[in-house]
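First up is the structure itself, then whatever we jot down about it.
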Amino acid sequence: MKKDVRILLVGEPRVGKTSLIMSLVSEEFPEEVPPRAEEITIPADVTPERVPTHIVDYSEAEQTDEQLYHEISQANVICIVYAVNNKNSIEKVTSRWIPLINERTDKDSRLPLILVGNKSDLVEYSSMETILPIMNQYTEIETCVECSAKNLKNISELFYYAQKAVLHPTGPLYCPEEKEMKPACIKALTRIFRISDQDNDGTLNDAELNFFQRICFNTPLAPQALEDVKNVVRKNLSDGVADNGLTLKGFLFLHTLFIQRGRHETTWTVLRRFGYDDDLELTPEYLFPPLKIPPDCTTELNHHAYLFLQSIFDKHDLDRDCALSPEELKDLFKVFPYMPWGPDVNNTVCTNERGWITYQGFLSQWTLTTYLDVQRCLEYLGYLGYSILTEQESQASALTVTRDKKIDLQKKQTQRNVFRCNVVGMKGCGKNGVLQALLGRNLMRQRQIRAEHKSYYAINTVYVYGQEKYLLLHDVSDSEFLCDDETICDVVCLVYDVNNPKSFEYCARIFKQHFMDSRTPCLVVAAKSDLHEVKQEYSISPADFCKKHKMPPPQAFTCNTVEAPSKDIFVKLTTMAMYPHARLRCMCACNRCTFCICQNFLNSDLLQSVKNKLFTAVLNRLRPHVDELGAMLLADEESSIIHQVHAVSFVEDSIFMESSLDPHLFEDRHMTQADLKSSSFWLRASFGATVFAVLGFAMYKALLKQR
């Protein structure tokens, strides 16, 4: 809505322009009328539309033509005043004033005009018969008002209509010649109907109509009022109501009726509530609300946004197969001015066997858009009506701006849910296979992808320690040097082809140039591991290179499988992105390094058997020495011993967790055989001593209390 309204009064001399202004201000007819009234500003709080209004007078005797032209260019609406008892002033409306105004305004944005017949107190007849043909000839004329400055007839109404012509113009909505709404208005109201039809059944039921009424006019409709509205539609339109709900045709008919009866403000209130401007375009303020994103921060959808997107998916998944067919997807995007997703999206997210985007893929694509282009995400949510349906101030409330990555590194924990992995490797090394494997597609399914529909992104959920996270893979260029944007990520996947002897050299060079001195963790992936492995033409082997630079060993990977490819490397990549401070050196199952020995020992059947036997022996030793009173004490002591054994289990779990997070435990992954035996011996000895110390202390307390 406009911030203010500027009304200009023009007309022949002595028709009463100045008298009209002074009568409005003083609420009485002035005895002495000056040649021209000074510009008057009416505050917003005393106008019906709550908008400041400026009223400007024109005097041919005191102003030049240049000043008149300037005032016309500044005006929002022009009132052409004529005297009802003066036929010459009426003829000048068409012979002078309307042509002069049209010459000074753009044809595509004509100023609204109000015809004002003053001095109606001097005649007993109406000038409307003469004026109606003029109104039919010039569509820019909004209305005609007959008034009298002397007896204050229709003075307030005159300026109200002038203000209304600016704030609620008829031109963009309705075509008087054809007596129907314009295509742009129909398009806007159709989008509003689709957004309001929350169950997507093609009608607005009572609940949806009440919600629509409340969000647009801040008050619900009474049950009888709802029935009255539907009865009006039924009476005039056979298919305006179906299943006791208002159809799209009925919805459009109601607004046509509002406009024809002069209630433009009703339709404009609805249009502006849904984000439209005077040209029936969605405003930038609606589509792109302000959102501050500091450096080194990312954007993610919050819980409320995912719930909203889930409701949108359910609304359009008519066959309930947890996937959107091309027709269902097209129906979903009918509220958009264009189709936002191309065929590459189907190769970016998960799809079903028929190539339709699944529920998980739908959320993943929105997550990707939010991460890569937050402004586009805000725009898309605006088209879907997020702020309206969720009753939020704007769609910015659907987003979370994560904290600076440096803070995550300092605190050694992150609150983010989306992690970006740049996949680096020379052309043909299998990067695209890695991306598609994240989506569960083997080599056979990948070969069905058309070259023009190839995507350089892939995103899917990955579970790390029971937490669902999004891993975003980006296939960066295979040029000699990476640009700055291609080095900004949470983890790097260096891919080389085991069957190509020149493949690893590219990965090594990129690592040394961009990532060797950075804090970004890297993982080397040996792609196409189902093929014959050849010696890489590099100074050292990939395994030795990883050892030298304290990286995990190369991870064998292939997508040439019968079922979906393994997701082990994606779990490892996500784990490294979540815990870059830990610098995990062992992410394998070699059964030789310290990590594997600790894990296997703590989970071994031998340890569990020893623990159970010790617990049974303690209970059997204490049972013969209790009497009736001792039995009560023993019950307490059994509980105490159980707690002690649980404490042992907690110690075991602590050792395991520390071994999985302490970066120093993985520094010497490739130990000599002697060091390995020594560390294993002291680990077993220290753990055994702890177990026996705890059990011995528990037995001592139990025996002491019995005595």
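Every residue gets a Cβ built from N, Cα and C, even glycine.
Unlike curated records, TrEMBL annotations are generated automatically.
Quick caveat, the model's predicted, so the values are computed rather than measured.
Taken from TrEMBL as is:
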type	residues	note
DOMAIN	2-168	domain 'Miro'
DOMAIN	304-339	domain 'EF-hand'
DOMAIN	416-579	domain 'Miro'
TRANSMEM	681-700	transmembrane segment
Chain residues outside the domain 'EF-hand' (304-339) and at least six past its termini with a C-beta under 8 angstroms from it: 191, 194-195, 198-200, 351-352, 354, 356-359, 362-363, 366, 380-381, 383-386, 389-390, 397-399
Within the predicted model, mean pLDDT of the domain 'EF-hand' (304-339): 96
The domain 'EF-hand' (304-339), counted residue by residue under DSSP: helix, strand, coil: 23 helix, 2 strand, 11 coil
